[in-house]
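What follows is one structure encoded as structure tokens, with my remarks underneath.
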């Protein structure tokens, strides 16, 4: 039961704060928070909510506004009293509202917010839990709330946060309707009485509130008056009540006296200082996203972008749109000119899209609004449908947000397509953000087709320019059924690769994919415009053939069948199979991977991963196929040698050497590069005519490894080693 204290006619009731609220206030007061300024945002936001409510009620009953037509928020600093006052003409609170809302009934968010705070959440999230009012105690030692609701008398709530608060009927100056919050600031928080600081905080957090926020400041100005007027003013001053602050205060700051000889004397004048109340509206700029896009200049968009992002460069492109119907929201999205250096830094909190609800700022890093691959997009989304006290947990479940997200992604893709029409600007965009588009193809199955239209690659026919897959398809030959591509480390490397020899000789265009993310991208992008994407480095490459070519291929298969079997026996588990190649022209052999295995480039990328999964590595790397070129003299001579004696040790050694060299030229790495190097050195010595025995005699201590015998000579000492 509340205690009742009688002060003459006035009845003061004292209430204890509900336990959780008392705990929250204690946490706010006794913990150091660096960003105390958010209290002003919360109080302005509460005022805006109250104004929203009365505006909504007045739609059905206009008489609700009889107690005050103007919907506004006033901020009044008073350095003499050390108070900061916020006044709104919103709906106000009844006595019951005051008692329930400000102390005795804990909001569902109170406990959740305390848990979040103790887990390291930022104090600025307080408003998302519906307990923003208590942030006033970040800066105030005592708070007085005077409020008037249309259905009740004017009441005053007061608390110094000592575990209790008082409520009494207020017979002071009538406020008509609304709420006045008076903060008695702590000694070290007087910065919030300064004009500069208040303006800075309002601009940062509340410049887009839908009601005028006016700052009232007492200022001084000089005024020149005659002596007669000064005497009159002085007489009036003596009569007036000392407490009336609105009358000008007069100080004598000197007089200009003229020579008053004779009767023709001039009036004397004095300069006085008078105090006056200066009013300044702090949020004159109507939120740019609420205006008609046709009325906004590129300069205005540019200024807004810079103030939003702190970028010193102009944006590259902008999309301004609104969605109406069952769901209402407005959005203003920008593409920056450059990618930030930490674009893919997962742990860093991105401040990409600011979320507003009915012009009230909610949060500036809303991950749920946009997929990760579009994390470079900057802008503002203002929803009419989300609740103002939405928390991150609620956002994750919000169906409204899912619809907003879908629309934002759609509009971003529209913006990219529009930008693609301007080749110069699209080139800048693609250099900065191509990885994001490719990540999108990997992650976003719904928009994969639209994203694939935005890709640009160098090809075997594009020269220095990059080309789109649509342009590639338009240049395809009649007999060509697939889009051919190769992945690798650089344009030069893939252009000189053995894999593209036959394809290019036939006049087919090959797409060069040279970024690591391309490997992940093509795993998901199986086809484009009805044409399948085929890697020229994987098994099963089918090139259009005429009857003569088919016949020749069958003959080669029969002719080299025994050699293929022998090579498979020699290489054993190193390869899955050995086949005749239809892709080689000038190279004797190459290593291709199975359709679902990793390419050489992908294997290189995966080996570079610090936290790789070795079990997957073994499985995905095992599928290598050796393809031999039946038209190459090395392969033909090897066939003849094998036909003559399939147990010839030289054949085995040469097969291993061919395989290892093919591994290197196909982009793979060797498991034992030293053994391969020693073989090559031995061949160099033979080529230079250096006698192995001489080298051994000169270096008696440097024993030549037994497992690397010479390539030529007698049968006992002239064979290359056999590698297991």
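Placement of Cβ uses the backbone N, Cα and C atoms for every residue, glycine included.
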- Item | Candidate annotated in Swiss-Prot as N6-methylated lysine, out of 402, 438, 531, 573 | 531
- Message: Going by Swiss-Prot alone, which of 159, 468, 535, 718 is annotated as phosphoserine?
- Response: 718
- Item | Swiss-Prot annotation, phosphoserine - which of 470, 474, 482, 669 | 669
- Note on the structure: Taking only the CA atoms, the spacing between residue 226 (phosphoserine) and residue 435 (N6-acetyllysine), expressed in whole angstrom, is 76
- Message: Quick check on the modified residues: of 226, 445, whose CB has the lowest count of neighbouring CB atoms inside 10 Å?
- Response: 445
- Considering only the modified residues 435, 481, 531, 624, 669, which fall within 10 Å of residue 574 (N6-methylated lysine) when distances are taken between Cα atoms? 624
- Query: To the nearest whole angstrom, what is the C-alpha distance linking residue 481 (N6-acetyllysine) and residue 531 (N6-methylated lysine)?
  - Reply: 6
- Message: Which one is it: of the modified residues 435, 624, which Cβ has the fewest other Cβ atoms within 10 Å in this structure?
- Response: 435
- Task: List only the single closest residue to residue 531 (N6-methylated lysine), chosen from the modified residues 445, 590, 624 by CA-CA distance.
- Result: 445
- Task: Whole-number Å only: compute the distance from the Cα of residue 435 (N6-acetyllysine) to the Cα of residue 624 (N6-acetyllysine).
- Result: 29
